[in-house]
Amino acid sequence: MLLSDRDIRAAINSGELKIDPHDDQMVQPSSIDVRLDGLFRVFNNSKYTHIDPKQPQEELTTLVEVPDDEAFILHPGEFVLGATLECFGIPAHLAGRLEGKSSLGRLGLLTHSTAGFIDPGFTGHITLELSNTANLPIALYPGMKIGQLALFTMTSPAEAPYGSGTLGSKYQGQRGPTPSKAYLNFQN
């Protein structure tokens, strides 16, 4: 069941749902608006001949910090990693779904490629997979509204929530845009 604004506020006020920084004006009728952090991971296109998900490729991306009063310019066809300004703590009985903002989608901005699902138990900043599908560059400003997180009540709390240690949980506690750790899926 999708949480309403009333349910979202109750979960925040009870301490079940953690959001830092929290601004009550970000609570919408059935979601929480999320803002863009000033950290981005830009791909080093000349460093590797290809992307190999079996290999760590630690120099595949470079961390770039954009000051609050400046814009990061996302060029047509470009893909970068960003992150939410907010750090979340999702309880074991809730799951989340991150969606883009309609107004930005109408400009050609995609906020995620495939990773829009947020597991129960997740803590950290949500990494954004930002793509510009327009034919003009898009200016992205730290602090701007970039997406919205809808929260769903599960039929029962997860037995092994994300980060519990029984799962891989390789992105638990992430700060800022976190590069892929797909190579860990190939290890026994």
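The backbone N, Cα and C atoms fix where each Cβ goes, glycine too.
Annotated features, as they stand in Swiss-Prot:
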- Glu129: active site, proton donor/acceptor (ACT_SITE)
- Lys101, Ser102, Ser103, Leu104, Gly105, Arg106, Asp119, Thr127, Leu128, Glu129, Gln148, Tyr162, Gln174: dCTP binding site (BINDING)
- Gly116, Phe117: site 'Important for bifunctional activity' (SITE)
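Shown here: features listed in Swiss-Prot, placed on the structure.
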residue: Lys101; record: dCTP binding site; CB count, 10 Å: 17
residue: Ser103; record: dCTP binding site; CB count, 10 Å: 9
residue: Gly105; record: dCTP binding site; CB count, 10 Å: 14
residue: Gly116; record: site 'Important for bifunctional activity'; CB count, 10 Å: 18
residue: Phe117; record: site 'Important for bifunctional activity'; CB count, 10 Å: 11
residue: Asp119; record: dCTP binding site; CB count, 10 Å: 18
residue: Leu128; record: dCTP binding site; CB count, 10 Å: 27
residue: Glu129; record: active site, proton donor/acceptor; CB count, 10 Å: 17
residue: Gln148; record: dCTP binding site; CB count, 10 Å: 19
residue: Gln174; record: dCTP binding site; CB count, 10 Å: 18
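The CA atom of Gly105 (dCTP binding site) is located 13 Å away from the CA atom of the residue listed as 'active site, proton donor/acceptor'. Reported as a whole number, the C-alpha separation between Gln148 (dCTP binding site) and Gly116 (site 'Important for bifunctional activity') equals 10 Å. Phe117 (site 'Important for bifunctional activity') is 11 Å away from Leu128 (dCTP binding site) when you measure Cα to Cα.
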